[in-house]
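Trainee: Taken from TrEMBL, the feature transmembrane segment covers 9-26, 46-67, 121-141, 167-187, 250-269, 275-294, 315-338, 350-370, 377-400, 406-424.
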């Protein structure tokens, strides 16, 4: 007998989800009478967000009902047949929770420390260069794809802009899935124990945070987005204080205040040539808040999943597997998948940019894993903080963003505060081990 919660979900899906899905799959019934209604709504970011969520729910709700059924019937003990191993892996997993793989990470780091100084220096240069090239290229391409038009033969022509952020998320995830899958086949991995469906939570929040990251560039400048991402420590501390009643050191409060001051100086001194509308600015802020919320959930859920015995590349594979499933399902339901492919065929330059964007994202994730395993989280944080500073300078140089003297000083204050946090954290003798690297950070 179905539980009360399952019945509520089923009623909601029948009464709300499926009628709305019919309108998505057969929009001619609506557009026959009001041809301009949906066209106008598709320009509203909130409408696109809700439509994407509707597409994801058509996969999540049936999956939830199936998982509830298998657990309720104790399928792990009573099941049999050809599909039993697959269902057991997806719903129940193969092992109980174990400790994090810190021992492996620490062992590889100790092995790295025992090498020659020259060898270690070359490794560090390799890691730093790989991270900088991957993510600086990724940032430049991200802004190019979302803010510039394609197909304009001259500067007087307007060209055609690519609008579907979800397709770019799919492109990134399908290549990351391929790279992580090949890595798992080529190199020995721990025996996987986590139920596969648990990756779907981090996957959903990750694709939503990535969507917000792309979508925000339609409303705010790239330097503003980078600074907002760099200042995530502020809402994280607030949530920790309110929800978990955590206590922080004096230097954490001091650097948080410095970050707030630096971001305020940059935002208040920025010009409004390209974003004069207060509504547009407000939309950009709301989308950035959505990015921070979803990204924070992704990190915390992945930390929880690392309680199972798994490697970071296995985490990368599991999250990207569900990300591909969610995004391709939603794109097909909306009819946007083939529309985006048509855009790629019309504009070969966009196709090159989209593929290169995905390559940089996948390679950057592998560099993250390798850097943290060899040198620890503190060195990785310093490299990525430098990358954010370089990204702002490169964006201003390539795309003509103007930064005033006060705004530039605000940027310096933000990154100075971030370096102080890294230094103070490394000086603490708490004996706590470094955090596991996470698979989705872009």
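Here the Cβ of each residue, glycine as well, is placed from N, Cα and C on the backbone.
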Trainee: What stretch of 121-141, 167-187, 250-269, 350-370 shows the most Cβ pairs under 8 Å to the transmembrane segment (406-424)?
Mentor: 250-269
Trainee: Same chain, outside the transmembrane segment (167-187) by at least 6, Cβ under 8 Å from its Cβ: which residues?
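Mentor: The answer is 145, 207, 210-211, 214, 313-314, 316-317, 320-321, 323-324, 327-328, 331, 336-337, 340, 354-355, 357-359, 361-363, 365-366, 439, 442.
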Trainee: Short question: most Cβ pairs under 8 Å with the transmembrane segment (350-370), which of 46-67, 121-141, 250-269, 315-338?
Mentor: 121-141
Trainee: Who are the chain neighbours of the transmembrane segment (315-338) in space, where the CB to CB distance is under 8 Å and they lie at least 6 residues beyond its ends?
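Mentor: Contacts with the transmembrane segment (315-338): 21, 24-25, 27, 51-52, 54-56, 58-59, 164, 166-167, 169-170, 173-174, 176-177, 180-181, 184, 194, 196, 199-200, 202-204, 206-207, 302, 305-306, 365, 369, 438-440.
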